[in-house]
């Protein structure tokens, strides 16, 4: 160690007594840092403090690029000169296997990608602190030595935010620009000036300009003033030094401008395209905070994670973009039409193609024409009401009036006629009334036969038609009159047209009396089988009426049994009943009985005594003639209840007219027979179930027994003792070769050993 110190002292000996290094400080700057050489004798600690005072640190050339910049700055100096760099090692910190051999940068780390040691590492104890100096000549190798010795100079490194380029020489300029760096280094040979540097320009006219390297509003750093800087020159010589446009200011200065799509560069003279280096994928336009803005073509949109990139827009997700079918592809979409249609000129709409389209258009026109004819039929049907207003009894849910006398020669005397107080419920609202769709409509409330809506009514022979019983009743006021379309039977003679019997009620206000329309019985078609009122309820009750010959002083009564609906829904005007074909018995019977499909208890069966029955009708029905007719006659009893008619789309409850019966009849009725038949059918079903269930249980038990038998009672191998097993194993290998082998597939000779523990 002492020998090395002596060698170092001997190397520095010739310089003792001589002038220090007479070279001026100089620097080399790049876009991000500067290296400055100060030829002043300092120890390592003094050099480090000098760099810190200027805002830098001792040089730390970590990469080959930084080392090359230091080499260009030092150049070919004297061979004996040394310069301190920022590399030191503490005592007893030798790490020869590392690139820096245990040395540490003055910044506190050991990261490096470049080393240039002058001597190989020596395995010593490292008892003292060591520092590294750079040779000023040759290959600028690194030498380690004592940190307390003074060397010829030191290298400082300065970092900064940005740099301004050196100014270009102008035509009216008196000399090169002089630059002053923040670390107080003055020179005219800089290529880059760190942030905060000052440039002084001297012009021939005697006036100069001073510029400062500052931050620009759009980002980065630049000179505070753009050229040209010297007055009196104007734009005549060489366009004022401007690349695109030169503008002479009022004060004699000139400024440069760029055409549209370009921006002025940092030198103040040249122009650059901001989109030339922009990372836009499709389209770029100058402007914006970065000097450019990215845009996408039609059919694309900017990506959410990267606005410079464009992604496809799925136009088919937009509602109504195509009339029928839409297919999306990258950059656009296309509309398609289904089979039988073709795309129109707009590329969106579809129209029927060829003859099919013409036929479709013709069908559409015919449909519209039919709708117009239907509307005309409605108008004609309503015009028929002008001369057809007559006095009719109120709707079933209205107050009762005097009972009709049916235009008969006799007038039956009912004890209840003196106090006609029938408790009909008040309607919550009047049912809506609409015009009939066709002249012949099946919306009838009070008729002598049930209204058949779901099927066409067959034409009946004249011999099977019931007599006509005209309805008469007290006259009503003009406000209470209800329009009626008279019953019309084109297939029947007038002598055999059915009579229309209506319920007599008290007068109601006009707002609660919708018109009563009688039914005409032509052959109905399915299209004309809808009720006249848009909100109607049809009682689907199958009613069978036995009509005997009516003796004198007997009133024909028909009772329809069924469930009574609540009075809150009286908004129906149509009865759809399906009558069964039963012969009408002309002989006198004590009562008239009506049966329905649902079984009804005998308490609900109503009979009419003979004493209260009116005289026979003028024309009796022929005996033993099957018909599809019933005779619903409106009740006049003060305690009878009006039938409640449900909606057509709901359930079909039974229609009921309640009449008091003085004496219940004991004769068996068709209702009881129907109930017994249904009970018998139900008993047959239960008998079938009672037979099937035990049979299934018996089969399951047999199956279980078979499984148990197969698993527990099958053949098993006999149990053997463990000694037998050993004997079998031992003698198995000593069989004589002449012993015959059992045939393949046979269990003969196969011994199994099963032991019990």
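Each residue, glycine too, has its Cβ placed from N, Cα and C.
Pulled from Swiss-Prot:
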type: SIGNAL; residues: 1-17; note: signal peptide
type: CARBOHYD; residues: 60; note: O-linked glycosylation site
type: DISULFID; residues: 131-147; note: disulfide bond
type: DISULFID; residues: 316-326; note: disulfide bond
type: DISULFID; residues: 322-335; note: disulfide bond
type: DISULFID; residues: 337-350; note: disulfide bond
type: CARBOHYD; residues: 428; note: O-linked glycosylation site
type: CARBOHYD; residues: 448; note: O-linked glycosylation site
type: CARBOHYD; residues: 459; note: O-linked glycosylation site
type: CARBOHYD; residues: 541; note: O-linked glycosylation site
type: CARBOHYD; residues: 543; note: O-linked glycosylation site
type: CARBOHYD; residues: 544; note: O-linked glycosylation site
type: CARBOHYD; residues: 587; note: O-linked glycosylation site
type: CARBOHYD; residues: 593; note: O-linked glycosylation site
type: CARBOHYD; residues: 601; note: O-linked glycosylation site
type: CARBOHYD; residues: 612; note: O-linked glycosylation site
type: CARBOHYD; residues: 636; note: O-linked glycosylation site
type: COMPBIAS; residues: 748-757; note: compositional bias 'Polar residues'
Quick note, residue 60 (O-linked glycosylation site) and residue 316 (disulfide bond): C-alpha atoms separated, nearest Å, by 62
Filtered by Cβ under 8 Å and at least 6 apart in sequence, the residues in the chain of residue 131 (disulfide bond) near it are 44, 84, 87, 88, 89, 144, 145, 146, 147
Note: in the chain of residue 350 (disulfide bond), residues six or more apart in sequence with C-beta under 8 angstroms of its C-beta are 323, 324, 335, 337, 338, 341, 342, 343, 344
Ordered by sequence, the long-range same-chain Cβ contacts of residue 316 (disulfide bond) under 8 Å (at least 6 apart) are 322, 326, 327, 328, 333
For residue 322 (disulfide bond), the number of neighbouring Cβ atoms whose distance to its own Cβ is within 10 Å equals 20
